[in-house]
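**Q** The structure follows.
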Amino acid sequence: MSMSWIRSAVYEWRARPEAILFPALVHSICMGLKGLPLTYLLREIRCEEYAASLPEVPPDAAALCRSVTVQKAYSADVALFVTIATVMGIVLSGPYGTLSDLKGRKRALLLASSLNALGDIWLIVCAICGALRRPWIMQLGAVLSGLGGGFSVLLSGHNAFIADTTRPTERSWYLGLSLVMLWVGGALGPLVSAPLTDHQSYATSLALTALGWLVYILYVAFVLRETRVPSAEGETSSILSILSAASEERAHTHKPVVRLMVRTFVEPMRVVAVNRAILFPSLGMLGGILAAGSFEFVVPYCDSKFGLSPNEAGVISAVMSISRAVSVVLVLPVVLAAFDKFSKRQSQKVSPEAAADEQTPLLSETGDDAERVLPAHERDLEEPKIEDSSIARELIIVRVGLAIDAVGMLFLWRSRSALEISIATAIGSLGAPAAPSMQALVTIGAPQNEMGRVLAGLSVLESLAVALRNPVFFPLFQTTLERMPGAIFGLAAAIYLLCDFLMLFLRPKQYIR
């Protein structure tokens, strides 16, 4: 085995979809590491402020921190932090998508991750310096993370890398693996930060987050290959079109930048909205992400009802992430294999010869040609050959998965202990395969030459869903905390069922080209 062969293999692997899975894992670990220390640091600050406002401090400090006043105050701080980051991510999704298309995926990923790292470094400074331990000062970390596009810009960048390096027939599998990395990292992060948070080592936990961002930046900079290298003619024409639009706007208004930003935001949404085969799964993703936002209130909900330690909170978060990953990695392949076997039997009953012919293209794709990374212009010319049975399979997975998600939320509503919460979370996680199947339907329905804009539009909808979580669930949580706790989980179940109803209007023939 020569060194030149090894170099060639490594060089090719750096532009394979597997290469993006490690930074996707590190990204989700960083987000998981930050959640608990941020939440409990804000809880401690609000508890200290509330204790200072009382004429006499009660002996039970734990009961004081679980009071409704403190719960409402720090949950509002967390909601504001998340909302700032996600709203800024929505606004900047378009510019980041343009940067990714014109200058390459790596440059966009490096810029976004660097700004996210600066936001976490600011939280470390606030945790260490007593003068900066103020909720409104800590919100600057949300602003810096928002300038980096928050969570969704990096996630869409990973999906764009996968779209650049995969064929449509294999894309859903790698999108599912990317989500698995998200869930696994979301499980590992809280498990690592929970013991540190339990000992009030907030700065140490956040320092691990900053270290994770450093690993991410170095990997993207020196390991990943650039997969989006537009031709000079295409890049020049794109830049000229932007400059031309700016000149035209400047001739009619004094606010060309604002107009261009609005246009950049609206264009991906227009591409998504004109095609029902893309729009409905995208709306399903929006509803699913919005409904999943109710889980963010599990900690204050359980804390107010029966008390919840950081370790128990970490276990619940880990159960959700691990059970979702298991559903995609283990349960989903079994379902797919059973469905494929059933479909082949049905097709053989109808026409054995036709069934054999239908398998020929699939066998040809397992050769060497399926392994190479095609240039962008060649992929744009290719039209995916999608079978009716594969679309029907994805639609069934989506419909059943959303129904299971709704059932899990109803069980969560009726839970009365940390153990019951964990069991209900595991049940609902069986519906996790619906998410990669909806993403697969979006990419299958998208024309190859509009894939980037479609993914940008999907990213905007996902960011919008995250931004709407707190405005939708927070007022309901505040209102029902004393009289009807857990009502937010009932609302989440209704949203899942509404998305499931919407999926009934999709048919496989809408995806066949």
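Quick reminder: no glycine exception, Cβ is built from N, Cα and C everywhere.
Please treat TrEMBL annotations as automatic predictions, because they have not gone through curation.
From TrEMBL, for reference:
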- 350-369: region 'Disordered' (REGION)
- 20-42: transmembrane segment (TRANSMEM)
- 78-96: transmembrane segment (TRANSMEM)
- 108-133: transmembrane segment (TRANSMEM)
- 139-161: transmembrane segment (TRANSMEM)
- 173-196: transmembrane segment (TRANSMEM)
- 202-224: transmembrane segment (TRANSMEM)
- 277-295: transmembrane segment (TRANSMEM)
- 315-339: transmembrane segment (TRANSMEM)
- 395-415: transmembrane segment (TRANSMEM)
- 421-442: transmembrane segment (TRANSMEM)
- 454-474: transmembrane segment (TRANSMEM)
- 486-506: transmembrane segment (TRANSMEM)
**Q** Considering only Cβ pairs under 8 Å, which range in 20-42, 108-133, 277-295, 315-339, 454-474 makes the most contacts with the transmembrane segment (421-442)?
**A** 315-339
**Q** Cβ pairs under 8 Å with the transmembrane segment (78-96): which stretch of 173-196, 395-415, 454-474 has the most?
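**A** Of the candidates 173-196, 395-415, 454-474, 454-474 scores highest.
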**Q** Which sequence positions outside the transmembrane segment (20-42), separated from its termini by at least 6 residues, show Cβ-Cβ distances below 8 Å to it?
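**A** Distal contacts: 74, 77-78, 81, 109, 113, 116, 120, 123, 127, 133, 135, 138, 151, 154-155, 158, 161-162, 177-178, 181-190, 192-194, 196-197, 200, 202, 205-206, 208-209, 212-213, 215-216, 219-220, 224, 299, 310, 313-314, 317, 321.
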**Q** Do the transmembrane segment (108-133) and the transmembrane segment (202-224) come together with 3 or more C-beta pairs under 8 Å, pairs six or more apart in sequence?
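**A** They are in contact.
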**Q** Any chance the transmembrane segment (277-295) and the transmembrane segment (139-161) have 3 or more Cβ pairs under 8 A, given the pairs are 6 or more apart in sequence?
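**A** Between the transmembrane segment (277-295) and the transmembrane segment (139-161), contact is absent.
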**Q** How about long-range neighbours of the transmembrane segment (173-196): same chain, 6 or more residues beyond its ends, C-beta under 8 Å?
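**A** Tertiary neighbours of the transmembrane segment (173-196) are 17-18, 20-21, 24-37, 155, 158-159, 162, 166, 202, 204-205, 208, 310-311, 313-315, 317-318, 320-322, 324-325, 328-329, 332, 432-433, 435-436, 439-440, 443.
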**Q** Do any residues of this chain, six or more beyond the ends of the transmembrane segment (139-161), have a C-beta under 8 angstroms from a C-beta of it, and if so which?
**A** 17, 20, 23-24, 27, 31, 80-82, 84-90, 92-93, 96-97, 100, 105, 108-109, 111-116, 118-120, 122-123, 126, 175, 178, 182, 224, 227-228, 439, 452, 455-456, 458-459, 462-463, 466
**Q** Any residues 6+ beyond the ends of the transmembrane segment (454-474) with a Cβ under 8 Å from its own?
**A** 75-76, 79-80, 82-83, 86-87, 89-90, 93-94, 97, 150-153, 155-156, 159-160, 163, 265, 268-272, 278, 282-283, 285-290, 293-294, 296-297, 439, 442-443, 446, 488, 491-492
**Q** Report, as numbers and ranges, which residues of the same chain sit near the transmembrane segment (395-415): CB under 8 Å and 6 or more residues beyond its ends.
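**A** The answer is 281, 284, 288, 291, 294, 298, 332, 335, 339, 421, 423-425, 427-435, 437-438, 441, 486-487, 489-490, 492-494, 496-497, 499-500, 503-504, 506, 508.
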